[in-house]
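Chemist: To start, I am sharing the structure in question, which I have written as structure tokens.
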Ligand code: GDP
Ligand code: ADP
Ligand code: 5GP
């Protein structure tokens, strides 16, 4: 039986580049990997597709899902609800995929408690000025929303010591190599390899 995948929590202040890094990694992934599609009550940005970027739902539906215990984790971020449904991750992990959760620090904490073998990665911007420039260049949020996200950045960044790995996303290709290195190294861990190559080791250790 092949080993199940690893759950990766990726957190960062808005605009640090986590979505771009995850997307670029998935394009060139050497092993099976997927990103979990969250549910959110925020409105879609131009170009965002329901079911692909998020499952966009209203407050009533989200609260109903909380009631039904459908969420693996959820949090209120920037006045909206965001959550990872159990359905979004369980089967995919079992099929051997590494699964990325692009979630905030509150969600990261919940995941670490629920699944101690999950790995967490914090993505930092190279400077405050770069963060603001990226949010402005993305041209997808209003000035009011951008100001709110810059104000929230401090709170998100203050949790950086809670993560297993840190990547500073200055030069994009370098940050992408660092992300790739973390995933590959983890795939080579003793626990994963022993499970994946059990038949090989049985054979290597067979007498005669
Ligand atoms: P981004 O920061 O530009 O990627 O903007 P988004 O609107 O996509 O995400 C807003 C915040 O919600 C970020 O801090 C995300 O990490 C967080 N977030 C997104 N999905 C989830 C989720 O499923 N669970 C939790 N806990 N947080 C999430
Ligand atoms: P997040 O998902 O963390 O909110 P995004 O991935 O949407 O961030 O990135 C925010 C903006 O910054 C995007 O316009 C993206 O193209 C740009 N960006 C991401 N990484 C870099 C980088 N290393 N250098 C310059 N711009 C970047
Ligand atoms: P955005 O509105 O820019 O798409 O996301 C804002 C923030 O919400 C980001 O920091 C993102 O990581 C976080 N976020 C998105 N989905 C989830 C989720 O399912 N759970 C949690 N906890 N945070 C999420």
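In case you wondered, yes, glycine gets a Cβ from its N, Cα and C as well.
According to TrEMBL:
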DOMAIN    5-184  domain 'Guanylate kinase-like'
BINDING   12, 13, 14, 15, 16, 17, 18, 19  ATP binding site
Chemist: Just to be sure I understand the contacts, which binding-site residues have a Cβ under 6 angstroms from any atom of ligand 3? Candidates are 13, 14, 15, 16, 17.
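Modeler: The binding-site residues passing the 6 Å Cβ test are 14.
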Chemist: Just the binding-site residues from 12, 13, 14, 16, 17, 19 whose C-beta lies under 6 Å from any atom of ligand 1, please, or none if there are none.
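Modeler: Once distances to ligand 1 are taken from each Cβ, 14, 19 fall under 6 Å.
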Chemist: When a 10 Å sphere is centred on the Cβ of residue 15 (ATP binding site), how many other Cβ atoms does it contain?
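Modeler: Looking across every protein chain shown, the total is 22.
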Chemist: In the predicted model, what is the mean pLDDT computed over the domain 'Guanylate kinase-like' (5-184)?
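Modeler: Averaged over the domain 'Guanylate kinase-like' (5-184), per-residue pLDDT gives 93.
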Chemist: From the binding-site residues listed here (13, 16, 17), select those whose CB sits under 6 A from an atom of ligand 2.
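Modeler: Those binding-site residues that pass the cut-off, since their Cβ is under 6 Å from ligand 2, are 16, 17.
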Chemist: Counting all other Cβ atoms within 10 Å across every protein chain shown, which of the binding-site residues 14, 19 scores highest?
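Modeler: Result for the most crowded candidate: 14.
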Chemist: Can you list, in sequence order, the residues of the same chain other than 12, 13, 14, 15, 16, 17, 18, 19 whose CB lies within 8 Å of the CB centroid of the ATP site?
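Modeler: Once 12, 13, 14, 15, 16, 17, 18, 19 are set aside, the remaining close residues are 123, 125, 131, 134, 169.
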Chemist: What does DSSP call residue 18 (ATP binding site) in the simple three-state scheme?
Modeler: helix
Chemist: Taking the Cβ of residue 18 (ATP binding site) as centre, how many other Cβ atoms lie within 10 Å?
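Modeler: The answer is 22 other Cβ atoms.
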Chemist: Just to confirm: which same-chain residues, 6+ apart in sequence, have a Cβ under 8 Å from the Cβ of residue 16 (ATP binding site)?
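Modeler: Once residues fewer than 6 apart are set aside, residue 16 (ATP binding site) is near 123, 124, 125, 131, 134, 169.
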Chemist: How many neighbouring Cβ atoms, not counting its own, are there within 10 Å of the Cβ of residue 17 (ATP binding site)?
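Modeler: A count of 22.
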